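K.L.:
Below you will find the structure I want to go over with you.
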Amino acid sequence: MASIAHLIFSGLLAATVANSQQYEGSSRNEDAFNYVQPRNTTIFGQYGHSPAVLPSPNSTGLGEWHAAYAKAREFVSLLTLEEKADMVTGQPGPCVGNIVAIPRLGFNGLCLQDGPMAIRVADYASVFSAGVTAASTWDRDILYERAFAMGQEFRAKGAHIALSPVAGPLGRSAYGGRNWEGFAADPYLTGIAMELSVQGYHDAGVQATPKHFIGNEQETQRNPTFDPNGTVTDVLQEALSSNIDDRTMHELYLWPFANAAHAKAASFMCSYQRLNGSYACQNSKVLNGLLKEELGFQGYVMSDWGGTHSGVASIEAGLDMNMPGGLGPYGTIPEAGSFFGGNVTQAVKNGTVDEARVDDMIVRIMTPYYWLGQDQDFPSVDPSSADLNTFSPRSTWLREFNLTGERSRDVRGDHAKLIRRHGAEATILLKNENNALPLKSPKALAIFGNDAGEPTMGAVNKANFEFGTLAAGGGSGTGRFTYVVSSLEAIKSRAKRANTLVQYWLNNTEVATTDVTTLWVPTPPDACLVFLKTWAEEGEDREHLSVDYDGNNVVFSVARKCNNTIVITHSSGINELPFADHPNVTAILAAHYPGQESGNSIVDVLYGDVNPSGRLPYTIARNGSDYNAPPTTEIATTGKEDWQAWFDEKLEIDYRYFDAHNISVLYEFGFGLSYTTFNLSDINAEPLVKSISSVPEQLPIQPGGNPALWENVYNVSVVVTNSGDVKGKAVPQLYVTFPDNTPAGTPPKQLRGFDKVPLKPGESRAVSFQLMRRDLSYWDVVSQQWLIPEGEFVIRVGFSSRDLREMIRITPVTDST
């Protein structure tokens, strides 16, 4: 690879990334959280630590893809070698990623677009709830319909491929800058969300791209540091290496991606950082071994933008598509060449790369294209995308793109109603003393906080901004708003109908330093609503876990004088909440990033039109210092490969860690209140198969891996009752405790089931949880397979990870042979 690189880059001067969209964060503030890598840290270099798995497996059309696979093979047989190189190499163009057309074969190319909460490079498109918001619903129907609706908009804008959904980051660190793009700090909940999201996109006719595969758990040093005085490939320091052991990889980080593969995901996006030394996009153990062999993945692997660091080595390791195709930071210097492109042609001609491997790369790309019928009547790319795409503006295009069809087409349909409902269903009621909520015909309301009002920095959240509601985070995972309903706007609209007096103060500095009794007139309000926000973005990890803009002191200032202070947070995820125990803080709502209907969603909950049923997809600790697994934010050495993140906590992230060490928390994983109350009773468990062995039957691999792992082996049922006075939705959760003889490090309990159950007052309903073999298995590093341990399991069902009300014991393994 080194000699090829010298051929490519000899004589090239350093190039700037003009006009591209940058996502690397600025330097951290002095008071920011900081974790300096110890000097004695073991350093994993790029080679020799992650085992080689070669050659890259050929696709076979498994998983009902046989007809599409045959079409793809026929298509490849008609290509010239140069066209084959084009099919695996991105080009700058109207979309975030582009594969050029081949008109003589009737192939119109491929359009790849961000992202996980909206089609970002588009106008007149909806901005949906963020991943963490969707996960907070704990609602399978919502997880599916959110992806389906987004898929409809992607397709209508001419995008074949949605760069979504996100399972990496999983949420190892509370400070992760992109945690909000993903779902939950738990592999099971994230896995369900991934599977349903993939199905939703595909049912809308759009290819899903689970990302970022794998171990992408922090933003700091996710990419190499390039030499500003060198060529476009000269690196001063390599990207951080996520060093993960085999069992942790399988039981935590691979788990939700297995769900995505099981759902027949079209493509996977490999991540930026290194993994056990080797860059993720040229790590053959991960791409060939885990994904294509163990999980039977039949689609293609694309690089994250600029995540390709070699040509031949990456191709052999299992990378099928280089995005966006160029060199340098984020691959946005196409005029400097490409690791793929013409070098693929050259490598085939000189025998360095077998042409059959290139053929399989394209078969993998084209099979889902045919499977989803994208060769038939697919909408053209909206020409406005070319004007909005700052990643590859027209001045950088090297090829012609025939952009036809309606410009700035409105693809939103009636999705606003769906987004509003999703935001309300995701809202988590953390505290509700004295039945402060729902609001009861208030005569006067006081609104405080810089999150309440209209956004003040345009339609796209490119950076943090002081004034205006926060409905999305920043980076490639954000969306372009056509409108945002602010909380203040929605409250004023609702209050007008009831002749309620609404007064508001949106300057946090003023509120935090003022006696608020001097602000409101003529008498104290019935309730004081404080709106707070927390920004997070791609490219940098969070500097703290507190709310932004001195929000804590805003709450304390208001609560000193108002005995009915209600706090609402629009946040990327975990916040320290030092005001939670204040006696005058009567209610707290966590709304995360709800998308364009933000204000309407929260008003529906505040006034009781919707009974809150959101539940936490992570743990809120009492103190930020209680969290483990910090991101590496600084190193004390200068070696080129010194940036390391050792996942020494192994399986102990989030609630698993707090449970294992018996640490008190403020609000536990799965927690959330309602305007009603629920009870559980009559737990029962029955096997679904006659005999269960520890070792699974070795069946032919299908997408998702060994089909035996996906077999339902036990059914657990419980009765849920609404014991309150209003209708509501219960969220029963099932947790499994493994036998004592399971290998050391097994968490005390693990989520393995959940449901969302609407109930009228006094109504009861039986709920069933079906446990698959994989749900009762651990990864055995010796035999390299999933095993159900012999002995007694404890099954608990409750309403959070620490509110477990029903328990039953089972002994699944009845066949020890």
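Quick reminder: no glycine exception, Cβ is built from N, Cα and C everywhere.
Okay, these came from Swiss-Prot:
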- Asp304: active site (ACT_SITE)
- Asn40: N-linked glycosylation site (CARBOHYD)
- Asn229: N-linked glycosylation site (CARBOHYD)
- Asn276: N-linked glycosylation site (CARBOHYD)
- Asn343: N-linked glycosylation site (CARBOHYD)
- Asn402: N-linked glycosylation site (CARBOHYD)
- Asn507: N-linked glycosylation site (CARBOHYD)
- Asn563: N-linked glycosylation site (CARBOHYD)
- Asn584: N-linked glycosylation site (CARBOHYD)
- Asn623: N-linked glycosylation site (CARBOHYD)
- Asn662: N-linked glycosylation site (CARBOHYD)
- Asn679: N-linked glycosylation site (CARBOHYD)
- Asn715: N-linked glycosylation site (CARBOHYD)
- 1-20: signal peptide (SIGNAL)
K.L.:
When DSSP is mapped onto helix/strand/coil, what comes out for Asn343 (N-linked glycosylation site)?
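P.N.:
Assignment for Asn343 (N-linked glycosylation site) reads helix.
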K.L.:
Asn563 (N-linked glycosylation site) to Asn584 (N-linked glycosylation site): how many Å between their Cα atoms?
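P.N.:
Each residue's Cα considered, Asn563 (N-linked glycosylation site) and Asn584 (N-linked glycosylation site) end up 4 Å apart.
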K.L.:
How many other Cβ atoms are found within 10 Å of the Cβ atom of Asn229 (N-linked glycosylation site), counting all protein chains shown?
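P.N.:
By my count, 9.
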K.L.:
What is the interatomic distance between the Cα atoms of Asn343 (N-linked glycosylation site) and Asn584 (N-linked glycosylation site), given in whole Å?
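P.N.:
Asn343 (N-linked glycosylation site) and Asn584 (N-linked glycosylation site) have their Cα atoms 67 Å apart.
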K.L.:
How many whole Å apart are the CA atoms of Asn584 (N-linked glycosylation site) and Asn715 (N-linked glycosylation site)?
P.N.:
45
K.L.:
Given the glycosylation sites Asn40, Asn507, Asn623, Asn662, Asn679, state which is nearest to Asp304 (active site) when distance is taken between Cα atoms.
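P.N.:
Closest recorded candidate to Asp304 (active site) by Cα: Asn40.
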K.L.:
Going by a 10 angstroms cut-off between Cβ atoms, which of the glycosylation sites Asn40, Asn276, Asn584 has the sparsest surroundings?
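P.N.:
Comparing Cβ neighbour counts within 10 Å for the glycosylation sites Asn40, Asn276, Asn584 gives Asn40.
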K.L.:
Sequence order is fine: just name those glycosylation sites in Asn40, Asn276, Asn402, Asn662 with a Cα within 10 angstroms of Asn229 (N-linked glycosylation site).
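P.N.:
Within 10 Å Cα-Cα: none.
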K.L.:
Once near-sequence residues are set aside, which residues in the chain of Asn402 (N-linked glycosylation site), 6 or more away, have Cβ atoms under 8 Å from its Cβ?
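P.N.:
Expected: Ala101.
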K.L.:
In sequence order, which same-chain residues at least six apart have a C-beta under 8 angstroms from Asn679 (N-linked glycosylation site)?
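P.N.:
Looking at Cβ-Cβ distances below 8 Å from Asn679 (N-linked glycosylation site), excluding near sequence neighbours, one finds Val720, Thr721, Ser723, Arg805.
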K.L.:
Write down the Cα-Cα distance for Asn276 (N-linked glycosylation site) and Asn40 (N-linked glycosylation site), rounded and given in Å.
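P.N.:
Taking the Cα atoms only, Asn40 (N-linked glycosylation site) lies 17 Å from Asn276 (N-linked glycosylation site).
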K.L.:
May I ask for the distance between Asn715 (N-linked glycosylation site) and Asn507 (N-linked glycosylation site), taken between their Cα atoms and rounded to an integer number of Å?
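P.N.:
Here the two Cα atoms are 54 Å apart.
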K.L.:
According to DSSP, folded down to helix, strand and coil, what is Asn584 (N-linked glycosylation site)?
P.N.:
coil
K.L.:
About how far apart, in whole Å, are the alpha carbons (Cα) of Asn662 (N-linked glycosylation site) and Asn507 (N-linked glycosylation site)?
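P.N.:
Approximately 40 Å lies between the Cα of Asn662 (N-linked glycosylation site) and that of Asn507 (N-linked glycosylation site).
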